[in-house]
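A.B. asks: What follows is a structure written as structure tokens; I'll ask about it next.
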Amino acid sequence: DCASGPCCRDCKFLEEGTICNMARGDDMDDYCNGKTCDCPRNPHKWPAP
């Protein structure tokens, strides 16, 4: 399925919902979608305090 990338392991796409980028600051975690080797950016942010 894939050769390399944050959502690729052993030439297979990682399962949908696998965290591929941990949250930093007000960002939320990014998750693999099970269809691409890239790590899709989560557009959502944590609400301001």
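The backbone N, Cα and C atoms fix where each Cβ goes, and this holds for glycine too.
Feature list, courtesy of Swiss-Prot:
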DISULFID  Cys2-Cys11  disulfide bond
DISULFID  Cys7-Cys32  disulfide bond
DISULFID  Cys8-Cys37  disulfide bond
DISULFID  Cys20-Cys39  disulfide bond
DOMAIN    1-47  domain 'Disintegrin'
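Each of these features: where is it, how hidden is it, and who are its neighbours?
C.D. replies: Annotation for Cys11 (disulfide bond): spatial neighbours Asp1, Cys2, Ala3, criterion Cβ-Cβ under 8 Å with sequence separation of six or more.
The DSSP secondary structure for Cys7 (disulfide bond) is coil. Close to Cys7 (disulfide bond) in the fold, though at least 6 residues off in sequence, lie Phe13, Leu14, Thr18, Cys20, Cys32, Asn33, Gly34, Thr36, Cys37, Asp38, Cys39, each with a CB less than 8 Å from its CB.
DSSP assigns Cys37 (disulfide bond) to coil in the three-state reduction, placing it in neither a helix nor a strand.
A simple way to gauge crowding: the CB of Cys39 (disulfide bond) has 18 other CB atoms within 10 angstroms, across all the protein chains here.
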A.B. asks: Mind telling me which of the disulfide-bonded residues Cys2, Cys8, Cys20, Cys32, Cys37 has the densest Cβ neighbourhood, counting other Cβ atoms within 10 Å?
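C.D. replies: For the disulfide-bonded residues Cys2, Cys8, Cys20, Cys32, Cys37, the Cβ with the most other Cβ atoms within 10 Å is Cys32.
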